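For reference, the structure is listed below as structure tokens.
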Amino acid sequence: MAELEGLEFGKSDFVLLDEVTMEQFMDNLKLRFEKGRIYTFIGEVVVSVNPYKHLDIYGKEVIEDYRGRELYENPPHLFAVADAAYKAMKRRAKDTCIVISGESGAGKTEASKYIMQYIAAITNPNQRAEVESVKNVLLKSNCVLEAFGNAKTNRNDNSSRFGKYMDINFNFNGDPTGGHINNYLLEKSRVVQQQDGERNFHSFYQVRSSEQVLSLYLQRDPAEYAYTSQGASNNDSLCHKAVMAALKVIGFTTEEISSIYKILSTILHLGNLQFTSDGEHVVLVGEDTVKHISELTSTEPENTRKALLYRTVATGGGEVIEKGHNEQEASYGRDAFAKALYERLFAWIVGRINSVIEVKDYNPALHGKNTVIGVLDIYGFEIFDNNSFEQFCINYCNEKLQQLFIELILRQEQDEYQREGITWQHIEYFNNQIIVDLVEQPHKGIISILDEACLTAGKVTDTVCLDSMNKKLGQHPHYTSRKLCPGDKTMEFNRDFRIRHYAGDVTYSVEGFLDKNKDPLFQDFKRLMYNSSDHVLKEMWPDGKMSITEVTKRPLTAATLFKNSIIALVDKLACKEPYYVRCIKPNEVKSPLLFDDGRCQHQVAYLGLLENVRVRRAGFAYRQPYARFLQRYKMTCEYTWPNHLMSTDQEAVEAIVNQHGFEDDVAYGHTKLFVRTPRTLFTLEQERAALIPILVLFLQKVWRGALARMRCRKIRAIYTIMAHYKCYKVKAHFWEVERRFANVRNMADYGKSVEWPTPPAALMQFHRITQHLHRRWWARQLIKNIPPSDMAEVRAKVAALSALSGERVDWGYSRAWERDYLANVNSPLMSTNFVRITKELKNKDQYSQVLFSCSVRMLNWFNNTKDRALLITDKHIYRLEPKKHFKVQKRISLDTVVGVSVTSGSDQMVALHTASQDDILVHLQRGQLNPNQDRVGELVGSLTDHFTRIPATKASITITFVEDLSRPVAHSIRI
């Protein structure tokens, strides 16, 4: 870090000062401020000086420079301490907190926003939608809370007038999963009264920038309203748009946003209510304002008027009476009502945000350990010209936080050195426990005295309470008053008392202490709001449900409630690992150039920064139990990885330290190792970071090998099961086939009707072969029973089936085929003549058999028809003249026939095609006894069978199907 910034910028860590004196501390702080270096380290504490100007040191590039880096690798910055807190949370699964302290105007609010911005930027690298939603709500909540909880003061244009502690929950991956916001002591008195030159809360000025001003009955000029008459508008329109956008991102509904604006408007209208007396009763001036208030709060005008003018009281006998106010009581009730409205609105907004960002459905067993980073942005120490009850509570809070700082940074550190047996020179410091006791000690502290005065029956005034404090605290070294110190004319009699705080002397005016501590509000207002028809407003006033006669326990006072909340806050911070940002205000005029030495020196003194430097300089930057240190760094030493064989963990830690040569930079306690400089720790972290990828690869290799072996065993088991299952399925299929076909020899159809079982995939080819074999066996069983004389007919029908199946519906397969029809004609003379002529042709042409003969009708190109006879032998086709004793008219060699054309209909048209294109077109006569007899199939079957049985090299025939013999071919089958 020292190498990154030159000496011209001073020392970037106050621990590096040559001498730890106030003079050198202030010179270094001033030099760095003048050079634009507003951040300086004290060990792990960041000292921040408000620059009062914008610095370009918070962009994405700067965030990347600090992401994952060690604290001392880069120059001092808020991002460095934010990253250190995040790494401690993620690496060690330890809850951390960042405490931002300093007086009003020192830059605490801006610091908390930059820390939130950094944490949001470095988390959720995978851009998971649910995590991004949580981050957006956490960031936008700052904008909303600033609008409703911040105001312009004489010291600060954006002063937090409430305390805020935000817990951010992270999952085991280090991504934010939710959060929770606690608010402390909203300065509600600012609603009705501000000091000269100051403004009310920002929200009252922003609401007048809304487009709804007319429906809210508002004027845009803040001077028109008593509660905002001192403040002027300042860029409130842009802020209003940002707040509206933030409310929508967080999840506020349109109805809820409308209710918020109505409540703000109601408060402004309340401030303009005036009361006057007509002698006996107090009356309201301006009934229109009452109507506006009633409409905005969704209540009845008469009930609103009665709540403002009367107080309902229950007597001891249970009787309820209405008691009218005087002018002073009515004005007091109006202001108390306005303050309560705003306080409950603010608390409701915080609760509404918490309901959105709370961690939902969290299961440690499923989601891992839930770790937390807390960010505390709380009002700083305040010394005004007129310091009242609010400043008393704020300064008490700062005393508690200073006590925590002393406890954790100064006293506990020195006590730990002594407990661990580390040689140590004791550092003197101021312990403010005596001031904390002055305020909170039971029965003796100021808060107890205030509560006692509030509980005392009768008229107890602020002056009486001051007298009681003088009597009980007169001997306390940090308390005084004008009565105890008559010569001090800076205090007034019966009004002022002074507390010597760690940050300086503060004079408080006791006027109004008791009223603000009682925080009274007439029950009539509570019931009025509870009975509102606006359910958002009703939700803010659950105590309005109680009846006036209902006796309730006396509520705790405002001071006691605040004390309890601060004690709980300190306990919450004490159980976390703290990181500190100490903010310093360089001047009172908000100048980026002026460095007020006296003002800054006072802050350095009361913040205890010089003592912090001395403790850090004389002490050790890092300490860790031996077991934790060994667990984190044992891989950097060969003697301790993976497990050491030494007698104790301390010896193993010594082996690690000695191997790296850090003997002179460490000390060994009874249970912990103490490391003096961060450089030693940084070196160990670097070496560990270099080894982690190697170890991860080794673990991945081992784990992947284990996974591969497990997968291999599973695959082997799967294949074994599959093999046995396949074997079972095959056997089961065989058994099923055997069962179904066991008796097929005795069946009439030889098993044709038996349904085959579905085979497994492995037997699909075998199944097809088996079916084919069965069909062949089945066919053989049928054929062997056919007489040899019928075999020619069977062959012809089979040939016709293969040629005509699917193309011609009826082709005569169901009847007996005679083939030689002319030889069996009914006319004896005609058949005798035909038989004679066939013998002559057989002797002459030497054919072996008649394939087909039939009477036909010839059709020529002139559409003339003649009766003829068709004779087809295995050598020739003859066209005969029946009327001339079957004289041969035409002889065509069968070898020249190349095709046969038939139609797909039921007609008997046949065309015989020859190679010489001397085609024959005939119509087969059906016969007189069977007029529906189809002979086309018989002709085609006979020719197909003949050509199939002769060698393919000698002849072939094509069977052609047409819709009409005069049209082109539709289908062809070549035999």
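Just so it is clear, glycine is given a Cβ too, placed from its N, Cα and C backbone atoms.
Curation does not apply to TrEMBL; its annotations are automatic.
What TrEMBL annotates here:
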type    : residues                                                       : note
DOMAIN  : 9-689                                                          : domain 'Myosin motor'
BINDING : GLY102, GLU103, SER104, GLY105, ALA106, GLY107, LYS108, THR109 : ATP binding site
REGION  : 566-588                                                        : region 'Actin-binding'
DOMAIN  : 806-975                                                        : domain 'TH1'
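Structure coloured by features recorded in TrEMBL.
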{"residue": "GLY102", "record": "ATP binding site", "contacts (Cβ under 8 Å, 6+ apart)": "SER48, LYS108, GLY380, PHE381, ARG582, CYS583, ILE584, LYS585, GLN603, LEU607"}
{"residue": "GLU103", "record": "ATP binding site", "contacts (Cβ under 8 Å, 6+ apart)": "ARG155, GLY380, PHE381, GLU382, ALA503, CYS583, LYS585, GLN603"}
{"residue": "SER104", "record": "ATP binding site", "contacts (Cβ under 8 Å, 6+ apart)": "THR153, ARG155, ASN156, SER159, TYR379, GLY380, PHE381, GLU382, LYS585"}
{"residue": "GLY105", "record": "ATP binding site", "contacts (Cβ under 8 Å, 6+ apart)": "ASN50, THR153, ARG155, ASN156, SER159, GLY380, LYS585, LYS590"}
{"residue": "ALA106", "record": "ATP binding site", "contacts (Cβ under 8 Å, 6+ apart)": "SER48, ASN50, GLY380, CYS583, ILE584, LYS585, GLN603"}
{"residue": "GLY107", "record": "ATP binding site", "contacts (Cβ under 8 Å, 6+ apart)": "SER48, VAL49, ASN50, PRO51, CYS583, LYS585"}
{"residue": "THR109", "record": "ATP binding site", "contacts (Cβ under 8 Å, 6+ apart)": "GLU146, ASN150, ASN158, SER159, SER160, ASP377"}
Near LYS108 (ATP binding site), how many other Cβ atoms are within 10 Å of its Cβ? 27
Identify all same-chain residues not among GLY102, GLU103, SER104, GLY105, ALA106, GLY107, LYS108, THR109 whose C-beta atom falls within 8 angstroms of the centroid of the ATP site's C-beta atoms; report them in sequence order. ASN50, ASN156, SER159, GLY380, CYS583, LYS585
Give the residue counts of the region 'Actin-binding' (566-588) per reduced DSSP state, in the order helix, strand, coil. 9 helix, 8 strand, 6 coil
